[in-house]
């Protein structure tokens, strides 16, 4: 390949990781992003009033079982130990999530052992539901009406804007209960937070002489001719000017407020009742427990359907969306010299570790395709 110029659209984890891998192999990489900052939705910044590090687009906690990815991020940031312990306000009480032995004993006013709790939950479950088809049936089958209505029903309606009876059972993976006192929200081997924030980490990944970044810059289709390859991490439907219509997303609204002292005593407090309009309140200084701040910055988080001018967060991927997605995939699969990557480019919800793993794989695949004089695929991951 004589032309070693690469264009990357989007300066989130997908874009900068691919850029770094290719820059180290001698490619000249230009990253563009329509926003006025790098980092995508992982962007964080200091609040000028309190000096608290704020996760601008909502909380991002790094958790993975992938040692390669963990070692990768540790090259670019000092990762501090961090365990996500989520609380939930339900019926005037505060409980620990995920539902664990403490939650069960508190909720049912009992002192069950693990085996007794297992028997209790089994008894509460609706065994008449043999093959759960919906989120609601899955919850009723595994945890019963009381826990479902207290912790899942209202929260799910607020989060997805749909009744749990309309959502697929697959959203509620397996039995969402622990029969011990473990209240670590994640099960992953490696968990942490970058000491200086995600923005600094992403800046460090992008800090290479062969990488240039242009912000507040839209991608122009005619630019493709100037580059050997384009990696596009923007919305797939936007690339085609929404010609078949818009793929459905949920978006988030954040109501920011400051407080002197501690507002809620934890990083994340879920509000499970349908009567409370927000899904949760996050208190950002608790995401950096190694720091000390007198003031506090909190976000009330609201979920709703994503409009034309909103930031897309969660791909809906229901039946109608999947039919529309298929039309865009058919268009994309006829392209050459472009690869769609990341959450928006592949219309999939991705945690940060998966995003990084896929970006590393995509860069390797590109280098291999060049070495073997093969065509680089438009998608490097399953998207259907």
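Cβ from N, Cα, C; glycine included.
Residues or ranges marked as signal peptide in Swiss-Prot: 1-19.
Listed in sequence order, 40, 231, 233, 341, 342, 343, 345, 355, 358, 359, 362 are the same-chain residues six or more apart from residue 14 (FAD binding site) with CB atoms under 8 A from its CB. Residues or ranges marked as FAD binding site by Swiss-Prot on the basis of similarity to another entry: 14, 33, 34, 41, 60, 61, 219, 343, 350, 351, 352, 353, 354, 355.
Its own atom aside, the Cβ of residue 185 (UDP-alpha-D-galactose binding site) has 18 Cβ atoms within 10 angstroms in the protein chains shown. In three-state terms derived from DSSP, residue 185 (UDP-alpha-D-galactose binding site) belongs to neither a helical nor a strand segment and is classed as coil. Marked as UDP-alpha-D-galactose binding site by Swiss-Prot on the basis of similarity to another entry: 84, 151, 156, 160, 185, 270, 280, 314, 349.
Counting every protein chain shown, the Cβ of residue 352 (FAD binding site) has 21 other Cβ atoms within 10 Å. In this structure, residue 354 (FAD binding site) is part of a helix by DSSP. For residue 84 (UDP-alpha-D-galactose binding site), the nearest of the binding-site residues 34, 219, 354 in terms of C-alpha separation is 354. Sequence-remote contacts of a segment are chain residues at least 6 beyond its ends whose Cβ falls under 8 Å from one of its Cβ atoms, and for the signal peptide (1-19) they are 26-33, 35, 38-42, 72, 202, 205-206, 208, 211, 213, 215, 219, 223-224, 226-234, 341-345, 352, 355-356, 358-360, 362-363, 366, 370.
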